[in-house]
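Student: To start, I am sharing the structure in question, which I have written as structure tokens.
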Amino acid sequence: MNASSLGALFFYEGKIMLQTLVSPVSRQALAEEVIEAKAQKGLSWQDLTEGTGLSLVFLTAALLGQHPISKEAAEAVCQKLELGADAVSLLQRVPLRGSIPGGLPTDPTVYRFYEMIQIYGTTLKSLVHEMFGDGIISAINFKMDLKKVDDPDGGQRAVITLDGKFLPTRPF
């Protein structure tokens, strides 16, 4: 594969058109390259955000294969990681999102999030519908933040903020 065969953008009737991926394989392979290069260079995810204009959570998700990023952001990251033009191009392609290989997560950290949704999913659904009406909370018009705070009882706590736009169901 070369950069021209991976071209993330092309023009159609004078408009920039995004290219899409139909398999998670190429982005999973690139995620492994990113993780390896990041480790080799002693960089943090936060280090990689510098010069991209993207949040820590969004860029990390993108580099792990869940979002496309702009050419400028891809170039900034790939320069830091010494990844080539193929990586710059691939990072601009719309990935197949949300795929967890094997279905049910087995990684303990990922599984805890799955478990939280199993336990509190119906509660959140009920409260959202009571507060907003019938609809969903967007994962597209969405922001997420993660903070590490001290626990007054000792240790650390993770504060995760999920901020999505409510989209009402519209009969048709």
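Backbone N, Cα and C define each Cβ position, glycine as well.
So TrEMBL lists these for the protein:
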ACT_SITE  Arg112  active site
ACT_SITE  Glu115  active site
ACT_SITE  Ser138  active site
DOMAIN    99-172  domain 'Cyanate lyase C-terminal'
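Distances, neighbours, how buried they are, the whole picture for these features please.
Tutor: Here Arg112 (active site) comes close to no residue that lies at least six apart in sequence on the same chain with a C-beta under 8 angstroms from its C-beta.
Glu115 (active site) has a Cβ environment of 12 other Cβ atoms inside 10 Å.
Ser138 (active site) falls within a strand when secondary structure is assigned with DSSP. The C-beta environment of Ser138 (active site), restricted to residues of the same chain at least 6 apart in sequence and closer than 8 Å, consists of Gly164, Lys165, Phe166, Leu167.
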